[in-house]
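Novice: This is the structure I want to talk about, given as structure tokens.
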Amino acid sequence: MRLQSYPKLGIVFSCTLTLMPTPLAHLHTYNCSSILAHPPMLIQTQIKPPPKTPTSSRKSIQTNTLKDICFRGNLKEAFQSLTLAFNDHPDEIYGAVLDLCARKKALSQGLQIHAHMIKSCSVPESVFLGTKLVFMYGKCGSVENAEKVFDKMGQRSIFTWNAMIGAYVSNGKPFEVLETYKEMRLLGVSLDAYSFPSLLKASGLLKNLFLGAEIHGLAIKSGYDSVVCVVNSLVAMYAKCDDLCGARRLFGRMVQKDDVVSWNSIISAYSSSGKSREALELFREMQNAGLDSNTYTIVASLQACDDYSFRKLGKEIHAVVLKSAQLLHSHVAGALVAMYVRCCKMSEALRTFNELDEKDKVAWNSMLTGFIQNGMYSEALHFFNDFRNAGEKPDQVTVISILLACGRLGYLLNGMELHAYAIKNGFDLDLQVGNTLIDMYAKCCCVNYMGYAFNRIPDKDLISWTTVIAGYAQNNYGLKALELFREVQLIGIDVDPMMIGSVLLACSELACVSQVKGIHGYIIRRGLSDIVLQNMVIDVYGECGNIDYAVRTFELIKFKDVVSWTSMISAYLHNELANEALQLFHILMKTNIYPDSIALKSALSAASSLSALKYGKEIHNFIIRQDFIFEGSIASSLVDMYSRCGMVESAHKIFKSVESKDLVLWTSMINAYGMHGYGKVAIDLFNKMKEKLTPDHIAFLSVLYACSHSGLIDEGRQLFKIMKYEYQLEPWPEHYACLVDLLGRANCLEEAYEFVKSMQMAPTAEIWCALLRACQVHSNQELGEIAAQKLLELNPGNPGHYVLISNVFAAEGRCKDAEKIRTRMKERGLKKSPGCSWIEVGNRIHTFVARDKSHPECRQITKKLDQITQKLENEGGYVPQTKFVLPNVEENEKLKMLYEHSERLAIAYGLLKNAKGTPIRITKNLRVCGDCHTFCIQLRKLRQQPLQHYTKNNIYIYIYLYVCVSVSLISNINDKGGAQVKALNTPSLPLTKKSKKQSMDGYHYR
């Protein structure tokens, strides 16, 4: 079983508990004949013995005194008493001190006692003392020394074998227990009642039910199956081997159930197996039986209170503890802290923690873990400072908790300090610490150090690979994430759905449909397809623009959850299919699945994209009926929806009704005022917001657009400077484009051009686009040429840019140049997205494309439009401006094309179908042409009725005719065919790469 000879081993003795004033600090060796050397101080004690006293009195006095001292647990005093009579009753004297060393886990003192025993010639070889030594070494965690003492013993009793088995069990060596058990059976050693608990505990550690059942049978055969300690161990063994039924049967067969340990065993069995309710029911039965609980009972019962639903029972147990002073133990207090943490009652946990007289590291770590689990990351860092001030030294658990907090808060420097501490103490090589370091650096967007932490881990597991792949994917390193995924496959690690989710995120960042299809196929082949992954596949197909595959995946899901529906709605929205998104949402409402806040937010975004006020109000009513809280993204989405449907007053009511306004809500309301031409109001609201919150890039972007829409040049300049110098926010390209647009509207083209040239960053395509539009409006051909050239150099693949430049040239009468631009566009295979308008009539959204003949009521629409146009020409002085149509067609054809623009068809249909006084809201995917804008203005003048009209600088125009017409013109987010062309020359808030992350947090600029 073990080696019978051992190499020489050096042991340093450094004990401060001296037997005499003589100092000791010597290095001694031992071999097979002498286990431990004897310190000089003990030799001196032999040379100069104390003064002699009468033997009879000395025996009783010293023995009783030493027993009392050991009972009190005073190790230093026991050592001093040992020197007075080491030759009298050595078994009794040494045994008592060795038991004290075992109880105190004082290994160095135990080593000295062993050395003293070896060097003392008066001590013969004793089975009793050998057993005590084995027991002491086992309790002190020195299994190697226990083995050496055990192997050198010529004779062994059953107590010696039990001590050796107990040493293995207490030090987590169940396989060695099994080997020792086999040796006992071979040698014919008879087991006693105290042998079985250790053997059964080893079986439980190994989860070896077959071995446990064999030992159970031996206990029955030996007649020990009714002994309480054996029965308790059997219950614990069956529980650890996941056989709770067997454990409960054993407990039920007990004739007398007045032993607290038995109850503790069965309660602990259910608690550790996750059967919390059953464990607490047993605790209640125990109380009803009149048995007094001890600390183990309380700890096991508190461990059963494992979530928020058991908080009341946890408080009841706490009350039991407070009533009994005997139960006020450090382990109970630690269990109370852990219980309150699990039940999300951090205030009670902190109060209980503060009431502890002695706070051990387990209690500190329990509190830290609780703060992290409850999302209280700042509190965790403050608590960690208290932890350090208390003189505690962080261990692996502490480091993991604080690293998690640093990652969630984005505190990179604090995380790096902790990383340095981990390296200094060797913690960074620990698997869990290494994985947490990877996660922390990923969340702090520090990819280089993330890779370093990953490479430092010696034995990486699945979590290591999943975390690093997710880190690269989340930080827009999609290619690196895919490379690591291929490496995982080559190594042969079993991939789980979580890793696949991270790989899909990388594919989404790369917008590579072929990669998505490959991963989708891999999921199906490996049988990893669960509802979570299927929902992610829908999301990624939608983000990559493959809506057909997204729909197909959605239809194949047999049991759809709310995330499935939300993912499909979001996919439609991402691909500018707001009508389909709303239709799908209405189908969802007819199912038994209730939409959550994210689904409602997506539906509101679809309604706002189409200016579908009726649908938006229905969703609003549903939110009220379902008692959703008007906070966060829901409130922001409602404000955005009402503002885009022209109902700025309703948007303001929603804004005012929210008590706790976040930055997103303030920004949404500022944007609403800005797009409706209330620039001054938007600035005032922005100033109010600054008193409570710190504005971010998006907030400044909204207020700058408000200035642009209202022509507030000086205010816009001032706000730009405040953002850059007072708040230290480096402007995005969108901010520069907004200021260029503001200057361009005021015909300050030279200043705008100088501003572009003085930019610290290279001007982007959208900045030159804003300057080109201004040149088009103010007919500045020279600067227009420069802007057009730069625009084509920066983004030659955008069809909207070609259309814009062609229109600029056509407006200047440069028909040949306009034709050349369109020819270049065709040669590159680029196509402009057709102009499309939507109108809400009844319970349907009707779609119109320019020169559309597909509508069932096409003839009536055309007739109505002809009547309106003829009346405008005859009575309103309307003159068509054919310069806004292709230059290379005949004049009659130009007129026909102009008259059949999609927004005019939608207006005609609205006038045809809606009752007088009913607002008509029309949404268009591209900017409205100058002639259509004039058409709307002339239509307003023709009807001399009360009206609310916003000028050409605004997105929304309201015209009261027979009915009220609101033309809501929304920019094309994906730059298809419009190059971010804006409604009525108004730049909307573009959703570019820079601002995409913000949009995920609740901004809905469409």
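Any Cβ shown, glycine's included, is placed from N, Cα and C.
The model shown is predicted, which means the values in this text are computed figures rather than measured ones.
So TrEMBL lists the following for this protein:
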type   : residues : note
DOMAIN : 877-944  : domain 'DYW'
REPEAT : 157-191  : repeat 'PPR'
REPEAT : 259-293  : repeat 'PPR'
REPEAT : 360-394  : repeat 'PPR'
REPEAT : 461-495  : repeat 'PPR'
REPEAT : 561-595  : repeat 'PPR'
REPEAT : 662-692  : repeat 'PPR'
Novice: Report, as numbers and ranges, which residues of the same chain sit near the repeat 'PPR' (360-394): CB under 8 Å and 6 or more residues beyond its ends.
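Specialist: For the repeat 'PPR' (360-394), the far contacts come to 330, 333-334, 337-338, 340-342, 344, 346, 349-350, 353, 401-402, 404-406, 408-409, 411, 414, 421.
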Novice: Give the mean pLDDT for the repeat 'PPR' (561-595) on the 0 to 100 scale.
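Specialist: Average per-residue pLDDT within the repeat 'PPR' (561-595): 93.
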Novice: For the repeat 'PPR' (561-595), DSSP counts of helix, strand and coil?
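Specialist: Per-class counts: 25 helix, 0 strand, 10 coil.
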Novice: What is the number of residues in the repeat 'PPR' (662-692) that are helix, strand and coil, as DSSP sees it?
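Specialist: When I sort the residues of the repeat 'PPR' (662-692) into the three classes, I find 27 helix, 0 strand, 4 coil.
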Novice: What is the three-state DSSP composition of the repeat 'PPR' (360-394), stated as helix, strand and coil residue counts?
Specialist: 26 helix, 0 strand, 9 coil
Novice: DSSP helix, strand and coil counts for the repeat 'PPR' (461-495)?
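Specialist: Looking at the repeat 'PPR' (461-495) with DSSP, the answer is 27 helix, 0 strand, 8 coil.
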Novice: Quick one: DSSP breakdown of the repeat 'PPR' (259-293) into helix, strand and coil?
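Specialist: Result for the repeat 'PPR' (259-293), in helix, strand, coil order: 26 helix, 0 strand, 9 coil.
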